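Student: One structure is given below, represented as structure tokens, and several questions about it will come after.
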Amino acid sequence: MAELGEADEAELQRLVAAEQQKAQFTAQVHHFMELCWDKCVEKPGNRLDSRTENCLSSCVDRFIDTTLAITSRFAQIVQKGGQ
């Protein structure tokens, strides 16, 4: 197998990082849905009633908002540390 050039290695690292981010995002979505399902769904049926749909939507929205706020705050801390 031929050795990778510097540019090829950088591209490979970028692709691996992108795939890791996708996997992390997917895992996070599944985690949110599992937590929200346990919180909101009392009796699974053929269809979700409007109360359950609203609960699931609000629950996931709260988790996303919280994650974004924490990520933003962490980025601010990192940026201040780099100055």
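Each residue, glycine too, has its Cβ placed from N, Cα and C.
Quick paste of what Swiss-Prot says about this protein:
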DISULFID  Cys36-Cys59  disulfide bond
DISULFID  Cys40-Cys55  disulfide bond
MOD_RES   Ala2  N-acetylalanine
MOTIF     36-59  motif 'Twin CX3C motif'
Student: For Cys59 (disulfide bond), list the number of other Cβ atoms lying within 10 Å of its Cβ atom.
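Tutor: Around Cys59 (disulfide bond), other Cβ atoms within 10 Å: 18.
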Student: Taking helix as H, G and I and strand as E and B in DSSP, count the residues of the motif 'Twin CX3C motif' (36-59) in helix, strand and coil.
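Tutor: Going through the motif 'Twin CX3C motif' (36-59) residue by residue, I get 15 helix, 0 strand, 9 coil.
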Student: How far is it from Cys55 (disulfide bond) to Cys36 (disulfide bond), counting Cα to Cα, in Å?
Tutor: 8
Student: Restricting to the chain of Cys36 (disulfide bond) and a gap of 6 or more, list residues whose Cβ falls under 8 Å of its Cβ, or answer none.
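Tutor: Correct list: Cys55, Leu56, Cys59, Val60, Phe63.
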Student: I'd like the number of other C-beta atoms within 10 A of the C-beta of Cys55 (disulfide bond), please.
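Tutor: Neighbour count, Cβ to Cβ under the 10 Å cut-off: 18.
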Student: Cβ-Cβ under 8 Å from Cys40 (disulfide bond), same chain, 6 or more residues apart: which ones?
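Tutor: When sequence neighbours closer than 6 are ignored, Cys40 (disulfide bond) has Thr52, Cys55, Leu56, Cys59 within Cβ distance under 8 Å.
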